[in-house]
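Asker: Got a structure for you, written out below as structure tokens; questions coming shortly.
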Amino acid sequence: MLRDLFVKKKKYAAIPSEQVRKDVPDGVMTKCPECKKIMYTKELLKNLKVCVNCGYHHPMNAWERLDSILDEGSFREYDKEMVSLNPLEFPGYEEKLESDRKKTELNEAVVTGEGTIDDMLVVVAVMDSRFRMGSMGSVVGEKIARAVEKAYDLQVPFIIFTASGGARMQEGILSLMQMAKTSVALKKHSNAGGLFISVMTHPTTGGVSASFASLGDYNLAEPGALIGFAGRRVIEQTVREKLPEDFQTAEFLLDHGQLDAVVHRDDMRESLRKILEVHQGGGMAVWQS
């Protein structure tokens, strides 16, 4: 009818078609989970995966971490071929391991080896949370223990970057015993005067936080890293108290004397270099045969 010509029409927003969305290839853009800013992935990578807007530290994989701290071309990997089995015949475990191997191109949740920082030799271990959430099973514990023993033999410092959900439940008591094994290896290294630097990244929890991650001569962490043993909700239900908002963050632990420093990723290599420089002498303050 004629009156319909004068009725105010509703305004509609144009929704991009699926074809338009597909014009932007996967991986080109990254959204920061903290400030929600969308940025070019290449810009994020150039900034060591730190958000250019809010400073949020995005997770790094093992190889990105090694590239950010070691001299170029200096890394030599240890025990690359070690892989986990399924000793307890846990249902579905082998399939999950194989899936993570394909997804990450890693054989396990930790990469160990030796390299140099400003020409100073170190043994280093880097955990990768993409593989079984960085959980510690038999192979992870064995690789870390072997790396510590190598540092002992070479009389050089040992550095570890942790990122883990804790002990691996599919391996039961075999995973829990890795807490003791790695701690004993570090004690031997320490008794000989060996330097151990632990750098805790997001997240470092469970059996990893309760063992080797907290045993450093220097305990460092990245900003905002979640560090703790049990989960926040479990603790609140146990103590029946409301915990502070920043509870179990790196900054909270620093304020309460459980960390030596919270170090921005941009400053990590230089901070490690300064510590190593202070402890020159093969990494051993007092070497005891």
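Using N, Cα and C of the backbone, Cβ positions are placed for all residues, glycine too.
According to Swiss-Prot, the feature Zn(2+) binding site maps to Cys32, Cys35, Cys51, Cys54. Feature annotation from Swiss-Prot assigns domain 'CoA carboxyltransferase N-terminal' to 28-289. Sequence annotations record features per position, and here Swiss-Prot assigns zinc finger to 32-54.
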Asker: In the same chain, which residue numbers or ranges, 6 or more beyond the ends of the zinc finger (32-54), come under 8 angstroms Cβ to Cβ?
Answerer: 60, 64, 68, 264-266
Asker: Residues near the Zn(2+) site, Cys32, Cys35, Cys51, Cys54 excluded, by Cβ within 8 Å of the Cβ center?
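Answerer: Filtered neighbour residues, in order: Pro33, Glu34, Lys36, Lys37, Val52, Asn53, Gly55, Tyr56.
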Asker: Counting all other Cβ atoms within 10 Å across every protein chain shown, which of the binding-site residues Cys32, Cys35, Cys54 scores highest?
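Answerer: Neighbour-count leader: Cys32.
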Asker: What is the number of other Cβ atoms found within 10 Å of the Cβ of Cys51 (Zn(2+) binding site)?
Answerer: 20
Asker: What average pLDDT is reported by the model for the domain 'CoA carboxyltransferase N-terminal' (28-289)?
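Answerer: Within the domain 'CoA carboxyltransferase N-terminal' (28-289), the model's average pLDDT equals 95.
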